[in-house]
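Listed in TrEMBL for this protein:
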DNA_BIND  A:153-212  DNA-binding region
COMPBIAS  A:1-17  compositional bias 'Polar residues'
COMPBIAS  A:18-32  compositional bias 'Low complexity'
COMPBIAS  A:34-52  compositional bias 'Polar residues'
DOMAIN    A:58-132  domain 'POU-specific'
Amino acid sequence: LQPTQQIQPAPSITQPSVVVANPTPANTPATPQVHVSSSEPPTVGQLVSKSHSGGYDEDGINLEEIREFAKDFKIRRLSLGLTQTQVGQALTATEGPAYSQSAICRFEKLDITPKSAQKLKPVLEKWLNEAEMRNQEGQQNLMEFVGGEPSKKRKRRTSFTPQAVEALNTYFEKNALPTGQEITDIAKELNYDREVVRVWFCNRRQTLKNTSKLNVFQIP
DNA sequence: CGTATGCAAATAAGG
DNA sequence: GCCTTATTTGCATAC
């Protein structure tokens, strides 16, 4: 009943503009390259298309093998008539780590780092093999396998309300490094887990720092 | 509806 | 326990 303050499109006021006013540099003049973020690790897709020596990356990960599996995975997933969403959901029910639809999508597109891919591959491989096995026993078995328990491993991502973010930013402007007690108070005031608030400050500091020292020297 | 993706939570690892 | 730095990963939503 209460006219809950719905998602407001951010009131134009409260403009932080603390340290880094708005260093947004005019975009790179002539660099048709892919998103040139400061220092993001290359994805498997990018590396693999550069025809690396033998198809291995600097850490000895077999990029070719991953590319091949990713392609195969998608074909087999589709053969089972499953969506990325279903696979992601099904993975949360297994013993191993869980992944979202986004993760499945990125894996298939190789839009992930070799390290991540290396970690994902065995998980997906194992799951897919079992899914196919179930499918042979009958489609019903497959659907049971896909819709399992939601045993969660990773903490679910918190979504702060725009109001909460605004409040957090206000606190941050006053003090970017609150004490343990202050974090506790803020968490209680905004009604979020203390740990979530603590991490928010950590991430906020990190973002601010990274934003400040924008790529001065870049790609030779 | 399923898939792709931007932004930023959450996590890993070293102090 | 908390910090930083680097990175992984997912929610929300655009395509």
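Including glycine, each Cβ sits where the backbone N, Cα and C put it.
Counting residues of the DNA-binding region (A:153-212) by DSSP class, helix then strand then coil, yields 43 helix, 0 strand, 17 coil.
Across all of the DNA-binding region (A:153-212), the predicted model scores a mean pLDDT of 95.
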